[in-house]
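Record features (Swiss-Prot):
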type	residues	note
DOMAIN	184-238	domain 'LRRCT'
REPEAT	54-73	repeat 'LRR 1'
REPEAT	78-99	repeat 'LRR 2'
REPEAT	102-123	repeat 'LRR 3'
REPEAT	126-148	repeat 'LRR 4'
REPEAT	151-172	repeat 'LRR 5'
SIGNAL	1-23	signal peptide
TRANSMEM	245-265	transmembrane segment
């Protein structure tokens, strides 16, 4: 009897088939056990292949990975924990995590992130902890980045290149409890006022509040951003500097000068118009007087009767 027809061979084929379906193969040099895959300190430059499809916890930290492929990640529909810290990931594209909507924990800290697309986290409605700290080239966060992460409770933004942030981006984070903001070059100008007010009224925990300070302007350098609300409000809403008064004075003078010139031009135009009217009426009067004089002569001749003719000599 051949191996292909025996019961043991059928069992082997069935086991192999189940293995392919469940994706039980483990990536080279990684450690796989109990739905957990650890590919740590392996100097990987790419996302590893052959990750089991039933993986729930994936550790890719301390490698040289430059990007996260949405297609391969999308097969891990049961993934709840993803650690990618200390890699070389440069950007997170729209819908990178579209297939792992059950994700609860995401760590992208200590990478080379320069941008995060507005819809990068759009499907991560179950995300509870997000760490994107220590990305010094990350200068900007779109206000829609956190629009759908409504379950987020922990957010770490330490030591990035962020210097300004839109307070509207935090309106959807209604359950956010802990926010780290230190180590960023915050520019505390009037555009920053709304965010400082949000920090005060949201009652979030800021464990590093004393180290989250302003770098500009000079008069607010070193101020904790959680305490800079009142000085900013004074500077931006109720306070006028000497330069502001000079500017207002110049505006007032320009308005006065423009009004004076406009009034003078109006007066000149009115005088010229009146003179033109008078000249026109004078000409009309002379024409009317001449007409009357001619009519009087004609009438006087009419009263004298018919004009006598001299007798004809021949």
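Glycine too: its Cβ is placed from the backbone N, Cα and C atoms.
Counting only same-chain residues 6+ beyond the ends of the repeat 'LRR 3' (102-123), those with a CB under 8 A from a CB of the stretch are 61, 77-96, 129-135, 137-142, 144-149, 156. Taking H, G and I as helix, E and B as strand and the rest as coil, DSSP gives the repeat 'LRR 3' (102-123) the counts 0 helix, 5 strand, 17 coil.
Taken through DSSP, the repeat 'LRR 5' (151-172) splits into 4 helix, 3 strand, 15 coil. Confidence across the repeat 'LRR 5' (151-172), taken as the mean pLDDT and rounded to a whole number, stands at 94. For the repeat 'LRR 2' (78-99), the DSSP-based tally of helix, strand and coil residues reads 0 helix, 5 strand, 17 coil. The repeat 'LRR 4' (126-148): residue composition by secondary structure is 0 helix, 3 strand, 20 coil, according to DSSP.
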